[in-house]
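A quick write-up on the structure given underneath.
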Amino acid sequence: MENMQYAEELVREFLVFRGFTSTLQAYESELSTDIGKGFQVDKILDLIFSIYIPKFEAEKLVGLLGFFKQCLASSSDNTFLSTVSKLEVSILRYYMVHAIQSGRTDKVLEFLKTNGNDLLQRTKDWTPWFAMPYLKNPKFDPHFHVYFTKEWYEALHVSVRNFFSEVFNGTRIPALLKLSSERTTVNHLKRDIKQLNLKLTQLQALLEEKEAHLCHLRSSSSVLHEEKITSSNDAQEPCPSPTTLVGETKLTRDGVLAGSDKYIASNEDSSSSLTLCTGDSEVGDSSHSYEDGRQMVNSGEAHVQEDFPEVKVEFQETFLGHTSPISRCRFSASGNNVASASLDGTVRIWTYDPSTPASRNATIYCGAEIMSLDWECKSDRLLLIGTADAGIKAWNVDAKRVVCDLNTTDMFPSVLDIKCSPVESIFVSAAASRGHGSSYVDSLGFASLTVWNMRTWKSMTVLPLGKDPPAITSMCFNHNGKILAAAATDGMIHMFDMSACLQITGWPAHDSAINSILFGPDETSIFTLGSDGKIFEWSLHNQGQVLWSRNNSRFCDSESSLSLRHEMALDVNGKRLLATSNSVRAPIYQVGGRVGGLKTLPHTAAITTVDWHPTLPVFLTGSADHSVRVTSIS
């Protein structure tokens with residue numbers, strides 16, 4: 001039963017609260033010897049067929065089966081008790097068969113000596129089994145032959161699984177266990193309420209926008225009507241040809257070009273006024289700028305900048321535990337926990353799902369700016385933290401302590417990125433020396449890539465990059481950890497064979513520094529994001545071939561790149577790419593698509609870091625407004 005552990009925690013919490021220490025000790029002792037294994041079918045099967053029988057622990061096996069008979073004896077359904085008695089006979093016979101197959105006749109004799117009388121009292125069918133240890137080849141005996149076949153064992157295993165699944169699914173759930181399911185239901189209802197409130201807010205905003213637009217149209221229509229009356233009374237000459245207007249176009253509020261022979265209407269928020277064409281009027285400067293930035297008309301040329309629709313949100317949670325701008329945030333390998341770091345040197349570990357235990361929640365004070373975060377891929381238990389003062393900390397989320405505090409050399413103090421191998425117990429750190437410029441890229445010097453052992457917590461080797469290599473800003477492993485891709489400030493991509501710890505290839509990918517690099521979902525391509533805002537998908541079969549690209553420069557301008565280290569993230573299917581933004585919204589591009597995309601719900605400042613959930617359509621956005629948001633989309 002999935003809620004068993006939560007119920008046990010409630011009992012433990014209550015006993016501690018009331019000060020029942022003796023009862024608590026007895027409770028803990030019985031839990032440690034819980035032979036029912038909390039009524040979890042898989043664990044019970046493992047206990048029977050993988051521990052008790054292979055290790056010839058007959059006494060424990062008999063005790064476990066007796067325990068279940070006792071539990072079912074109070075059931076009103078006698079069928080369960082009858083069935084478990086029959087299965088008990090088959091399991092005990094398999095114990096004897098397994099002992100004979102393993103050449104442990106002594107264990108058969110020991111079992112019969114201890115339990116023989118009890119077995120004979122139940123049924124006389126056990127009588128022939130007392131002769132088994134004395135037969136030369138019981139496998140070929142007609143009476144025992146079927147018990148030595150693989151088919152009989154598999155049928156027994158399936159029968160035991162089906163029986164316990166049926167029993168535990170039908171067991172009446174105690175009131176204490178119902179608390180957990182009711183808590184989950186309440187959390188789902190709260191999430192639905194938040195979702196509905198969010199939709200209500202969006203609809204209210206849309207309604208207000210439409211009402212304002214309608215009022216504006218009514219006002220413009222009234223002014224136009226009055227001007228037409230005046231024009232018809234006073235005008236002595238016809239209006240000049242509409243060809244004197246900018247390409248016979250008008251610019252509507254939504255930035256759509258449409259034909260007009262009377263006027264050019266500006267955006268309602270623009271400083272430009274409505275220009276009417278009267279008998280004595282002349283068209284002035286044909287250059288108009290609009291505050292929404294979506295379209296500009298200058299010297300008769302139109303430059304259209306697409307405006308993405310807002311993403312459809314299922315639910316959104318906002319974490320407000322930081323007191324300075326967010327520098328990095330990452331989902332754990334399972335997606336249950338989130339680690340977020342801020343410029344003040346603190347890392348917070350938290351969970352966004354109320355149904356997930358908060359036992360791992362913690363605040364880690366590192367004393368320096370956090371530049372990189374990565375979770376161990378296999379156990380979901382260790383978080384690695386890279387700082388700006390040459391520090392690498394390993395935090396155990398279960399023990400809630402730093403288990404190792406490493407240091408790069410003083411020559412390379414900035415730990416720009418950390419990546420754990422998805423297979424081996426190693427990680428790679430990308431550290432950089434200090435540069436002499438004021439911008440982010442110019443403040444970085446040379447690179448050092450170090451491979452570390454996560455068992456001994458010692459450096460294993462330094463990956464070769466040549467003499468005075470430019471800083472490495474981002475890295476990623478392929479699925480089996482055999483290839484490491486690294487991106488540099490000179491626009492180069494470096495590929496390493498981790499078995500030999502040698503560089504196998506590389507190519508220039510950008511004219512500017514590369515801020516982020518990711519393998520594609522099928523690992524036949526690799527994505528890069530440059531500091532100039534350009535995003536490329538590169539073929540790994542045809543080196544240097546661009547498969548897809550987007551210009552993200554409007555979300556990644558040069559001024560923000562002086563202080564903001566942009567990054568990107570791919571969803572689990574590799575179909576949607578999320579990027580950081582100097583704006584309050586971040587873009588979500590459809591990978592492979594030529595046009596279009598979505599934009600996130602707004603923060604109140606620039607979006608500084610992003611990540612996707614490893615299995616769900618859920619993403620993270622960290623912002624300079626000190627907040628981190630978890631957003632689930634449809």
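Every residue, even glycine, has its Cβ placed from backbone N, Cα and C.
Listed features, source TrEMBL:
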{"type": "COILED", "residues": "179-213", "note": "coiled coil"}
{"type": "DOMAIN", "residues": "54-169", "note": "domain 'ARMC9 CTLH-like'"}
{"type": "DOMAIN", "residues": "464-518", "note": "domain 'Anaphase-promoting complex subunit 4-like WD40'"}
{"type": "REPEAT", "residues": "319-360", "note": "repeat 'WD'"}
{"type": "REPEAT", "residues": "507-540", "note": "repeat 'WD'"}
{"type": "REPEAT", "residues": "600-634", "note": "repeat 'WD'"}
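Residue counts for the repeat 'WD' (600-634) under DSSP (helix as H, G, I; strand as E, B; rest coil) come to 0 helix, 18 strand, 17 coil.
Residue counts for the domain 'ARMC9 CTLH-like' (54-169) under DSSP, split into helix (H, G, I), strand (E, B) and coil, are 96 helix, 0 strand, 20 coil. Within the chain carrying the repeat 'WD' (507-540), a Cβ under 8 angstroms from the stretch's Cβ atoms is held by residues 440-441, 473-479, 485-493, 546-558, 561, 565-570, 572-574, 577, 579, 589, 591, all 6 or more beyond its ends. Mean pLDDT of the predicted structure over the coiled coil (179-213): 80. DSSP places the residues of the repeat 'WD' (319-360) in helix, strand and coil in these numbers: 0 helix, 17 strand, 25 coil. Mapped onto DSSP classes, the repeat 'WD' (507-540) shows 0 helix, 20 strand, 14 coil.
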